[in-house]
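**Student:** So Swiss-Prot has the following annotated:
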| type | residues | note |
| --- | --- | --- |
| DOMAIN | 2-29 | domain '4Fe-4S ferredoxin-type 1' |
| BINDING | C9, C12, C15, C50 | [4Fe-4S] cluster 1 binding site |
| BINDING | C19, C40, C43, C46 | [4Fe-4S] cluster 2 binding site |
| DOMAIN | 31-59 | domain '4Fe-4S ferredoxin-type 2' |
Amino acid sequence: PATVNADECSGCGTCVDECPNDAITLDEEKGIAVVDNDECVECGACEEACPNQAIKVEE
């Protein structure tokens, strides 16, 4: 699964743009990324793209 560190996430949306499965959305209210782990294929694109290293993907 992929997890978002809310303290590190700036809500920039880079991960949303990079996710090939559209498994990430931005929670406008909280200002952070949210991963739908049912859709996530653990490819690591979001983790690689995140400028704040706020997402970790674990197999």
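Easy rule for this one: first residue shown is 1, then count along the chain.
Just so you know, glycine gets a Cβ as well, placed from its N, Cα and C.
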**Student:** Do you know the DSSP helix, strand and coil residue counts for the domain '4Fe-4S ferredoxin-type 1' (2-29)?
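**Tutor:** Per DSSP, the residues of the domain '4Fe-4S ferredoxin-type 1' (2-29) fall into 5 helix, 7 strand, 16 coil.
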**Student:** Where the distance is taken from Cα to Cα, which of the binding-site residues C12, C15, C50 turns out closest to C40 ([4Fe-4S] cluster 2 binding site)?
**Tutor:** C15
**Student:** Beyond C19, C40, C43, C46, what residues of that chain have CB atoms within 8 A of the centre of the [4Fe-4S] cluster 2 site's CB atoms?
**Tutor:** A2, C15, E18, P20, N21, A23, I24, V35, V41, E42, G44, A45, E47, V57
**Student:** Compute the centroid of the Cβ atoms of C9, C12, C15, C50, then list the same-chain residues not in that set whose Cβ lies within 8 Å of it, in sequence order, for the [4Fe-4S] cluster 1 site.
**Tutor:** V4, S10, G11, G13, T14, A33, C46, A49, P51, N52, A54, I55
**Student:** Other than its own, how many Cβ atoms are within 10 Å of the Cβ belonging to C46 ([4Fe-4S] cluster 2 binding site)?
**Tutor:** 27
**Student:** Give the distance between the Cα atoms of C46 ([4Fe-4S] cluster 2 binding site) and C9 ([4Fe-4S] cluster 1 binding site), rounded to the nearest whole Å.
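**Tutor:** Rounded to the nearest whole number, the Cα-Cα distance is 12 Å.
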